[in-house]
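Taken from Swiss-Prot as is:
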- Gln167, Lys342, Arg371, Ser372, Lys393: (2R)-2-phosphoglycerate binding site (BINDING)
- Glu209: active site, proton donor (ACT_SITE)
- Asp246, Glu290, Asp317: Mg(2+) binding site (BINDING)
- Lys342: active site, proton acceptor (ACT_SITE)
Amino acid sequence: MSKIVKVIGREIIDSRGNPTVEAEVHLEGGFVGMAAAPSGASTGSREALELRDGDKSRFLGKGVTKAVAAVNGPIAQAILGKDAKDQAGIDKIMIDLDGTENKSNFGANAILAVSLANAKAAAASKGLPLYAHIAELNGTPGKYSMPVPMMNIINGGEHADNNVDIQEFMIQPVGAPTLKEAVRMGSEVFHHLAKVLKSKGMNTAVGDEGGYAPNLGSNAEALAVIAEAVKAAGYELGKDITLAMDCAASEFYKDGKYVLAGEGNKAFTSEEFTHFLEDLTKQYPIVSIEDGLDESDWDGFAYQTKVLGDKIQLVGDDLFVTNTKILKEGIEKGIANSILIKFNQIGSLTETLAAIKMAKDAGYTAVISHRSGETEDATIADLAVGTAAGQIKTGSMSRSDRVAKYNQLIRIEEALGEQAPFNGRKEIKGQA
């Protein structure tokens with residue numbers, strides 16, 4: 001009943017109005033899985049390739065008809081008749097057929113959309129919710145937890161048209177008893193933040209990930225206005241709610257220095273920028289920093305890990321790009337202590353699960369993440385619960401492309417009840 005009988009690829013639109021790949025996998029017995037590939041703005045240089053057409057007369061060159069043709073042609077032909085329950089086998093067929101290190105032949109956007117659609121179809125054929133099927137694929141059947149959200153309520157960097165260098169300022173409602181209550185707390189802080197910004201005459205337009213994108217006097221001012229909003233919402237900063245940042249430092253790394261426009265174009269060395277961040281962690285309860293240096297600055301990361309790694313979570317995104325080869329090297333060299341998991345960085349569900357397992361086995365945490373270009377596809381919610389990853393980054397409390405994931409988590413928590421505990425602060429590296 002789980003034999004693949006039809007595969008369909010199509011071009012749809014993402015949350016930025018750009019095309020992306022959606023795939024359907026149909027099985028015997030009428031079971032269907034459908035999934036769409038997300039797309040990033042600040043991307044690591046070693047990510048799997050997102051195949052775009054480059055035809056400037058169509059979607060400004062961002063069309064994905066070549067990737068869609070790969071789904072409807074060679075990929076479909078290769079997996080028709082195969083057993084959808086063999087996820088590793090299906091993914092291997094596509095990866096081998098593509099034949100490149102970075103999936104540049106078919107595009108990671110094509111392979112991932114089919115990979116996820118296949119998992120959804122297989123789950124349906126087994127009569128299981130997607131998170132339960134993922135737990136089985138992960139070798140951890142029935143082991144679930146609800147993730148602590150990192151809610152990106154102030155957007156800067158590549159995600160917003162403002163003067164803030166650091167790309168994401170996030171809140172984590174660690175004091176909540178459940179995921180649903182964490183979402184409520186996040187929503188309340190989000191609305192109070194709008195009031196705080198308006199009272200200061202600041203813009204409350206939102207960026208790609210649904211957070212506000214005001215012009216601020218400095219990067220520290222973003223933390224200050226969030227602290228004000230947390231207090232106004234009736235919560236205690238550091239106890240009920242902790243803070244996290246994604247520096248996306250590769251975006252302001254120029255000629256070996258970190259140049260911050262929000263700090264008067266000041267240029268920092270790796271060590272100086274590490275201490276700039278350390279000072280912020282002393283002023284505010286920041287418990288997680290992502291991509292605190294450039295992806296190629298491994299010596300700098302070793303220093304940053306030495307200075308901050310036993311106090312807070314240091315997450316590698318552009319640094320590790322969900323790639324087990326790069327992560328393995330990072331673990332061996334003691335670089336960071338956590339990995340951001342974006343399945344389009346590597347391009348298949350099987351490889352994503354391998355990265356999560358490698359991280360956990362090494363004592364690193366794994367933070368499941370959206371991309372800045374998203375769709376209504378909420379697979380990452382099921383991935384977070386099904387792997388018991390413990391943390392999720394899926395944007396702010398606005399834009400349906402972000403909220404779709406929170407709503408799916410609320411549904412899953414309702415279905416699982418006490419089977420999926422919300423562990424709060426304990427999930428964050430260095431905070432247990």
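Placed from the backbone N, Cα and C atoms, the Cβ positions cover glycine too.
Cα of Glu290 (Mg(2+) binding site) to Cα of Arg371 ((2R)-2-phosphoglycerate binding site): a distance of 14 Å.
Cα separation, Asp246 (Mg(2+) binding site) to Gln167 ((2R)-2-phosphoglycerate binding site), rounded: 6 Å. Candidates Asp317, Lys342, Arg371, Ser372 (binding-site residues) were compared with the residue listed as 'active site, proton donor'; those inside 10 Å Cα-Cα are Arg371, Ser372. Ranked by how many other Cβ atoms sit within 10 Å of their Cβ, the binding-site residues Lys342, Arg371, Lys393 place Lys342 at the bottom. Same-chain residues that are not part of Asp246, Glu290, Asp317 yet have a Cβ within 8 Å of the Cβ center of the Mg(2+) site turn out to be Gln167, Glu168, Met245, Cys247, Ala248, Ile289, Asp291, Val315, Gly316, Asp318, Leu340, Lys393.
According to DSSP, Lys393 ((2R)-2-phosphoglycerate binding site) is assigned to a strand segment. The two recorded residues, Gln167 ((2R)-2-phosphoglycerate binding site) and Asp317 (Mg(2+) binding site), show a Cα separation of 13 Å. Looking at the residues that bind (2R)-2-phosphoglycerate per the record, Gln167, Lys342, Arg371, Ser372, Lys393, the two CA atoms farthest apart are separated by 17 Å. Applying an 8 A CB threshold to same-chain residues 6+ apart, the list for Asp317 (Mg(2+) binding site) reads Gly44, Asp246, Ala248, Glu290, Asp291, Ile339, Leu340, Lys342, Ser369.
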